[in-house]
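To keep things clear, I will list the structure first and then write my remarks on it.
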Amino acid sequence: MSIAFLPSLRCQLPVLLILVQGVFIVVFILFFSFEDPSSHFNTSNATTTAGDDDLDAIFPLFKDVHVMLFAGLGLMLSFLKLYGFGGIAFNFLIANFAIQWSMVVQGVFYHFRHGVILLRLNNVLEAEFAAVTALISVGAVLGRTSPVQMLLLTAMEIPLFVVNDWLVNKYFHIIDVGGTVAIHIFSCYFGLGVSQILYQSSLRRGHVKETTTSNSDLLSLLGTIFLWIFWPSFNSVLAKTKEAQHRAIVNTFLALSSGTITTFAMSSLMDKRGRINLAHLQNASLAGGVAVGISADLISPGGAFSIGCLASLACSLGFQYLTPFLAKKMKVQDQCGIHNLHGLPGIIGTVGSIVVILLGPVDKYGLSLHENLFSSSQEGQHPILGVFRGGETWTAQSQALQQAAALGVTFGVSLFGGYITGLLMKLPCFVHPSKDDFFDDQLYFQIPEDTGNKWISMDELQKHMLIPLKHV
Amino acid sequence: MSIAFLPSLRCQLPVLLILVQGVFIVVFILFFSFEDPSSHFNTSNATTTAGDDDLDAIFPLFKDVHVMLFAGLGLMLSFLKLYGFGGIAFNFLIANFAIQWSMVVQGVFYHFRHGVILLRLNNVLEAEFAAVTALISVGAVLGRTSPVQMLLLTAMEIPLFVVNDWLVNKYFHIIDVGGTVAIHIFSCYFGLGVSQILYQSSLRRGHVKETTTSNSDLLSLLGTIFLWIFWPSFNSVLAKTKEAQHRAIVNTFLALSSGTITTFAMSSLMDKRGRINLAHLQNASLAGGVAVGISADLISPGGAFSIGCLASLACSLGFQYLTPFLAKKMKVQDQCGIHNLHGLPGIIGTVGSIVVILLGPVDKYGLSLHENLFSSSQEGQHPILGVFRGGETWTAQSQALQQAAALGVTFGVSLFGGYITGLLMKLPCFVHPSKDDFFDDQLYFQIPEDTGNKWISMDELQKHMLIPLKHV
Amino acid sequence: MSIAFLPSLRCQLPVLLILVQGVFIVVFILFFSFEDPSSHFNTSNATTTAGDDDLDAIFPLFKDVHVMLFAGLGLMLSFLKLYGFGGIAFNFLIANFAIQWSMVVQGVFYHFRHGVILLRLNNVLEAEFAAVTALISVGAVLGRTSPVQMLLLTAMEIPLFVVNDWLVNKYFHIIDVGGTVAIHIFSCYFGLGVSQILYQSSLRRGHVKETTTSNSDLLSLLGTIFLWIFWPSFNSVLAKTKEAQHRAIVNTFLALSSGTITTFAMSSLMDKRGRINLAHLQNASLAGGVAVGISADLISPGGAFSIGCLASLACSLGFQYLTPFLAKKMKVQDQCGIHNLHGLPGIIGTVGSIVVILLGPVDKYGLSLHENLFSSSQEGQHPILGVFRGGETWTAQSQALQQAAALGVTFGVSLFGGYITGLLMKLPCFVHPSKDDFFDDQLYFQIPEDTGNKWISMDELQKHMLIPLKHV
């Protein structure tokens, strides 16, 4: 059997990447600088820039997010038997492109002054948060899109994320320290939008290469565990005060922990023999982190514990019942189950935040709530709520409404953006794999000849023998 | 061959987990709070709680311990060919349950005031140290107990650990910054106690499934390396002063490093062909960290270097000679060799600490020793030694006696607790695997059909062929 | 087939290691101390030593470098199918020996006062940087040297590194925050020197065991990613000011990121079918970090971005064209391609630093440049440039010359040292593997019998069958 290959891959992938890097070199040389253009260079303080003291606070979190994105998510995505490199290496590629592209877009959007984009580690961290969305969305079409298509998806999603993020945070003044709405909900429905357009009827009965091995499942679980370990950093990095950060860390840990035990319980319960499903474990044990993100700095320990249980419950059920339903009835094929890990827990978390805002924290963390709100509102004014400073018109009800509105707008923007992007990705001019070669590294990587995916198993061996084996 | 399964697993595991999480939700909602109940909520300082400034100091160590427990120990335990998920996933489950349960027990024991358990990141870290004991003890019966039995073990061990930890630290005023006695000795003999009760005569000649593969051994070694990297954090997290922490970090590194080289030397020496035994490497290279824990902040670099060599020497010899002896003569089957990694080095370390207290540090670190002692003695009195403050009755001799007494008491308490727990775990009502299905993931996980453990090797193939292969 | 073994291994390896540890125990006990001998012990400040406040700054970077050396580099080196343990475990052994040996050599060289080597965490970090050189050099002869030979290489290289490091930094006053010259260039040409002496004509057509598997390639890529994640820590740890550290972190990230995308582009471009070569990805995605090291705290973001692209470009081309050329024409066999990852990017980086010094930063970072220079020059005098303090004779031209001189001297010293060391390693008295057993763990490790490297593949099966298989 000849090895399949994509003749157009060599034309498109290197050309696209070289083009992108060429343009970025020019952009970085011309516009990015470590120095604030509003300060003068020749004074003795030239090399000291504002915000410098934050390095010690930001750098550890920067590294944690790095581990999550590159090692954690990369390993987690390499769960397929024949598509391990497609998981970890394309994640590596897409993450880098997404971060660079986000630095440019966010640089123009937020940090462009006097013809210069002031670059601090903070910008890179900000860009990594944006990059997460592309990496999540790609999960919906993992293994059935070429790297060229994935780059296209990323190129489209990042600017839309920046706009929606601005809407959600600056216009709707959402309270969402962990990015549950702006990151998880957005990337989930963007990815599902793309997936719906790229619907593959041939996948309805599954795909012969869409299998895992013990080893790939174990490495994927290791990836999950790396994400799990550093998730508290992710949810607390944007907290406004030390105390809020402290609560966000502990609450995220609690939600992850209760969610993990719930995942074991649910997965065992849903199997006839009481066994754990590894896909559940790889995903649903993280659902608590997604759901608690939006209120991690606000709620009480008991609340975080409960939300974790609820999120992992929904995620497990989603894998078992909703994903097959969506694939069959709604023509939405969700390869990695991003709807279960990011969509459902995101909605649960947002609803939870509304409940918390309406009922709970006014007594307890009201002050902190107000502080969150005001520091995110630079003008002290709000287009809908009117004057903010002094808190005259701010009410729990209005904030609850804002949370819901932000969720709704994000849902609409991301789904619409996903549809447009999917249509673009479907254009025949872009290289895409044929159905037989879905979920196969051989198309994209020079993998070792005697690789694991060609080993013969006892069962297979039986089939191939003219004369039977003695016994197996 | 039909796949074995445990009919009772589905009844017991999910029910137990849901019950536990249900109870914990109520407990966390009713009793856990981020706010000190002794402060008033309505003042402007409401959200600022004492101990807040420690977040920057604790959070990095919290993450390091996380990596050790979930990634390091998880990987290390997945060294068996057919029981990789049993290693990493059950470690994940048990760790989460143990941490939650410890938070409750330690919360009631130490932090319960005015009807509220004040929750800080510090509590979670404290709980993770307790959880370590359960994870170590489980190693003695790895692969031959069901998750239900492991949860039972954890449920029993955590409260006993809290009591013994209090005895060791508050009653005997042990000097033990790294928890060598309270954590390693305790968990080792608790686990061995359980193992002795759960003795399986069928395992005397080994078990057909108790094998490793190159890949599982490599991942296990990677787990060891993660533990190795972050062990200095573990041993230094409880140090009282910056200088003590500094010494604990460097000493732990030195002991690990000299121990690692000693392990290579001993392992090569004990093999006829001079080859390294991977089980030695996976375990004995960490023995220095266990042994040096008790005196990491007290001793000199040369002392740490020597203790590391000694501990790894003992651990290697233990694997080669003591473990088979214990299994045959004492009916103690120690699957992971926890006695070699935690028991022997723990005893060496404790004896070393006594030598150090009697001979060495009075001249050098005497001051620091006193400080350790007094800050751990809240009342300034000691039931045996009498009045402490002012140091009138404290002598090196009395402290050496206390160290020995703490070791002895821990030994007794843990072994007795292990026996009781083992008897409980043996009750027929709890689900347990049959002998044929020891060390097998298939009972507990929906593992991929075409999994690595069914590949055929050249040797096996020879056996199965009616007609011989041309050549191999 | 009988398993090969080395009769002399058991005589030499343990004896050598025990001897080394024995000597080091004595040295550490006699000479290493946590206390500054110039302070008196009996004062109340006895346990407080200068430099103590740095612990919080150094410890995180110490851990990052640990992850890079032990987990990252270890995994990266375990890319061979049958030599995974040779990669990760020998890296573990060599790293530990190299760090201990460096602590002794650097201790005598830099920290020996009043008969005592003052030991701080800083020394250990310093020793780890030295150890890196041995680990890199070993890469050139990976799999075809015994651990005894590797230990010999390390024993020779560390003292030479310390001398050359002193020359480069104290005599030539190089500006090189990331050790591009002192670490990467030095270790590369030292390794190549050794490799040229140990030339194996039998390897000209490759070696049957020098292959990878999907799994070993994936784990190696994971190792690369760990190195990639923490490289900014490596390049910034020696930065003099917070602002310089900030720039070094961001610039290193940018160079790594642009280099990674360039690697994907180049690798795809150089394959007929546009596929990515995993060896390129495992190596060239790190080249930006090597190249940018020397100027990471000086250059602008655009400069770092460009250097990253250039370095990965050179590294990819090197793997494709230069490595085969060196092996054939120059008799330099470079197993891991260290010349592509450390040599070429190192030269590019050094040339880049000269360009930057001549053209760029005098306007911008001139002040910082001067500060770097003066703080490294304790005497305020320079043998060639004359009086420094006051900056009378310092010019960009003179500094550029110094950079070039340091590069040249390092090149000469390392290559010469490599030749001498190679000749020593070649002595027949030291154990070395036979040609058939290159790249084979079986010589050195008790690997599982049913290990992955004996599985049969479909293609192999065909060859072994007397009667054909039905279909494949």
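FYI, residue positions are counted from 1 along the chain as it appears here.
Positions of Cβ are set from backbone N, Cα and C atoms, glycine also.
Curation plays no part in TrEMBL annotations; they are all automatic predictions.
Per TrEMBL, the feature domain 'Ammonium transporter AmtB-like' maps to C:23-428. As annotated by TrEMBL, transmembrane segment applies to C:12-34, C:65-83, C:90-112, C:124-143, C:150-168, C:174-198, C:218-234, C:246-266, C:278-296, C:302-322, C:343-362, C:404-425.
Summarising model confidence by region, the domain 'Ammonium transporter AmtB-like' (C:23-428) averages a pLDDT of 89. It is C:278-296 that, among the stretches C:150-168, C:218-234, C:278-296, C:302-322, forms the most Cβ pairs under 8 Å with the transmembrane segment (C:246-266). Within the same chain, the transmembrane segment (C:278-296) packs against the transmembrane segment (C:174-198): three or more Cβ pairs sit under 8 Å, each pair at least 6 residues apart. Here the transmembrane segment (C:343-362) has Cβ contacts under 8 Å with residues 175-176, 180-181, 184-185, 188-189, 192, 287-288, 290-295, 298-300, 303, 307, 310-312, 314-315, 318, 322, 368-369, 396-397, 399-400, 403-404, 407 of the same chain, all six or more residues outside its ends.
When each of the listed stretches C:150-168, C:174-198, C:302-322 is scored by C-beta pairs under 8 angstroms to the transmembrane segment (C:404-425), C:174-198 comes out highest.
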